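Q: First, the structure itself, so that you have it in front of you.
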Ligand SMILES: NC(=O)C1=CN([C@@H]2O[C@H](COP(=O)(O)OP(=O)(O)OC[C@H]3O[C@@H](n4cnc5c(N)ncnc54)[C@H](O)[C@@H]3O)[C@@H](O)[C@H]2O)[C@@H](O)CC1
Ligand SMILES: Nc1ncnc2c1ncn2[C@@H]1O[C@H](COP(=O)(O)OP(=O)(O)O)[C@@H](O)[C@H]1O
Ligand SMILES: [K+]
């Protein structure tokens, strides 16, 4: 996992690298530029003949821009720099890189526009725009020519690559300072910045790619960041090895407690997703009269009919049987499609207190705890909960969906600490938090996943990994990552609008099999 840092932490790391590891600041800038060019080329091939317009500010972010310009010329791209400050005002390193750019490209490759119109006219001639106006040094609202430039970039509709972070974005909070660039690709330098994953940063950053500029690992470690970015390598390492001598018992038995009349699909999808993430055996317990329907839907999953209410939801009288069911499984997933029938709610509240197995609580299991989240502290083992922002708001009496979304990271980490649970707060850039306050952000996933049932898929995947013996934190991180990756693969094949939850399930094996 990669630590996510604040602007201040990044500045300190850059500084230590320069003064203690003795890497000249110009070398860092050169590495930054080279890395950015690699990512631009990967995203927009071929570069030869393309017109690239680079907008440079007066700080080191602009300095990176000049390096990008010089190196892109070697790819036979046609480069023009819009310099938004006087050359005299450039930072020391930026000035050096400006001079190197001039020596390589000549004076005609740079103009200094004085008004919005001049910027707009120039941008209209670009195939690709590079935003090197402001980086981590931004702290006050953007005004004047910088703001004109940011607005012109947005208005141009051209493919835009942001250097380090979209100009105008607060590096720590993701707040827009007056106006911010909406990039298609952000190539961030050294370590990822928190603002790229929160608030407006999610929409402004587009795809985020990271460039290693050679900050020593020991320096990075000493920052002690409490926020991590999930990486492909870390989550794959957490998966159990598939031993040649394995049998289905090796990979655990998950009990799924889900469904009611009209909502057997939720139970089916959770159960199937658990199998697709490699679980050996899955049994779904469902209200008795819905059992036959579930049997017809599922081939590989076993089912168990349970006592039901007149409304054909789980009945309170089934409590002991459900506890016995859980006791005979390696892990339990409870919640999808249960409804909030009063008897079912009562059943869930009792069940949650008494279950003594790794478990994941979702959907109506969380709704059963609405305003009563203190019950979670009575759990025998810290459960994983998978709320979307609405469910999160129901759990916390004073919160609203809006307040949750305004501070997703803060909400998830506070709740995880206070209630001693693992939280997967779903949505764009899902946040995972654990009881000790450490949190991670998931880079996978896309808006195509905003479709009925994808949450049930996640629940099954989390439960499946718990059943396979993963610790709750590992299960939560890996399930969230592969859920998002399966969603990304489904979107690649089908497009975001048309993909549905079943497509996501079908892509779980491809996500697992992918080699990166
Ligand atoms: N220090 C280093 O060693 C490295 C720095 N790098 C780059 O350097 C950037 C940070 O450089 P700087 O600290 O120079 O910061 P910036 O390049 O973000 O710019 C800060 C400059 O813009 C001005 N400014 C700030 N907010 C403004 C606003 N709202 N309107 C107008 N002007 C504003 C500041 O007064 C300052 O002069 C990073 O984002 C990254 O791109 C990279 O080259 C990697 C290495
Ligand atoms: N814009 C988005 N970007 C990434 N993931 C998303 C986005 N919107 C929704 N998702 C994911 O889709 C899933 C939706 O779950 P949920 O809201 O519980 O839906 P349902 O109840 O229909 O199953 C979550 O895992 C969430 O993170
Ligand atoms: K920028």
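One-based numbering along the chain as shown.
Just so it is clear, glycine is given a Cβ too, placed from its N, Cα and C backbone atoms.
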Q: Besides 61, 167, which of 93, 127, 131, 203 does TrEMBL list for that K(+) site?
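A: Candidate in the recorded K(+) site: 131.
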Q: Out of 455, 460, 463, 464, which is the one TrEMBL records at the AMP site of 426, 427, 428, 429, 430?
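A: Site partner of 426, 427, 428, 429, 430 for AMP, according to TrEMBL: 455.
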Q: Looking at the binding-site residues 131, 146, 167, 337, which have a C-beta within less than 6 Å of some atom in ligand 2?
A: none
Q: For residue 136 ((6S)-NADPHX binding site) and residue 429 (AMP binding site), determine the Cα separation and express it in whole Å.
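A: With the alpha carbons as reference points, the distance is 21 Å.
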Q: Just how many other Cβ atoms lie inside 10 Å of the Cβ on residue 429 (AMP binding site)?
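A: Excluding its own Cβ, residue 429 (AMP binding site) sees 23 Cβ atoms within 10 Å.
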Q: Tell me the Cα distance separating residue 167 (K(+) binding site) from residue 139 ((6S)-NADPHX binding site), rounded to the nearest angstrom.
A: 11
Q: Hey, how far is residue 429 (AMP binding site) from residue 167 (K(+) binding site), Cα to Cα, in Å?
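A: Spelling it out, the Cα of residue 429 (AMP binding site) and the Cα of residue 167 (K(+) binding site) are 21 Å apart.
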Q: Which Cβ among the binding-site residues (60, 61, 136, 139, 167) has the fewest C-beta neighbours inside 10 Å?
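A: So among 60, 61, 136, 139, 167, the binding-site residues given, the one with the fewest Cβ atoms within 10 Å is 139.
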Q: How far is it from residue 131 (K(+) binding site) to residue 146 ((6S)-NADPHX binding site), counting Cα to Cα, in Å?
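A: Distance (Cα to Cα, whole Å): 11 Å.
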